[in-house]
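One structure below.
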Amino acid sequence: MSGAEEDPPGDGAPPTPSTAHQVFGSALPRAERYVARLASDGVVRGLIGPREVPRLWDRHVLNSAAVAEAVPQDAHVVDVGSGAGLPGIPLGLARPDLALTLVEPMSRRVEFLDQAVADLAPDGGRPWRVVRGRAEERSVVSAVGPVDVVTARAVAPLPRLVAWCRGLMRPGTQLVALVGARALQDLPRLLPELTAAGMRDVHPRAVGAELGDAATTVVVMTRGTR
């Protein structure tokens, strides 16, 4: 488990686990508002399945925030295929030093993200914004430009994800992908293809060990000079 539970924040949201304090600090009230938004509007819009509501903290929000361990200080992060804002919004809440861009093509998801960013982005902090489109589209590449870190959660197989995100990466840009067990098993087989695509230092990394059930593994890689 991820820690003792406290009183629920309301709006049908699950109780806040004690580990959320450790992860979000002074941003915890905003993290609770985000969970409440996922449990209500996120379900109504079909972004979150009703059965996922009891697991929002561990499986979605804390799990996403754990990615912060793999992201360097003061980075500009673009979250591609952001959907309901995962992992981007929890990452931004846990790390106010980060600039955050959420890229999403579907209008109903973009509307949700626009409302969430207006409510949750830190006052006076690094900017958050939403860009509608797909990572590989010229308009998105032009609007976002090369960034320090690209994040993604179950968007596509890793070689396809790299191809889609290439225009958002310059030499040295990190790609941090939240992946499932199957993708981790496939990583050795995919390594030659990822290397041929110009990625280096491809490796799995365990994050969030102190978060119990919210711990996860990401695949981290860096764009080379090719």
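Including glycine, each Cβ sits where the backbone N, Cα and C put it.
Listed in TrEMBL for this protein:
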- 1-22: region 'Disordered' (REGION)
- GLY81, LEU86, ALA135, GLU136, ARG153: S-adenosyl-L-methionine binding site (BINDING)
For LEU86 (S-adenosyl-L-methionine binding site), the three-state class that DSSP assigns: coil
Tell me which residues of the chain lie with their Cβ under 8 angstroms from that of ARG153 (S-adenosyl-L-methionine binding site), as long as they are six or more apart in sequence? SER64, GLY81, GLY83, LEU86, PRO87, ALA177, LEU178
Residues with Cβ closer than 8 Å to the Cβ of ALA135 (S-adenosyl-L-methionine binding site), same chain and 6+ apart in sequence? VAL78, VAL80, GLY81, VAL103, VAL141, VAL150, TRP164, CYS165, GLY167, LEU168
Largest CA-to-CA spread of S-adenosyl-L-methionine binders GLY81, LEU86, ALA135, GLU136, ARG153, angstrom: 19
Quick one: give me the count of other CB atoms within 10 A of the CB of GLY81 (S-adenosyl-L-methionine binding site). 23
In this structure, the one of the binding-site residues LEU86, GLU136 whose CB has the fewest other CB atoms within 10 Å is GLU136
What three-state class does DSSP give GLY81 (S-adenosyl-L-methionine binding site)? coil
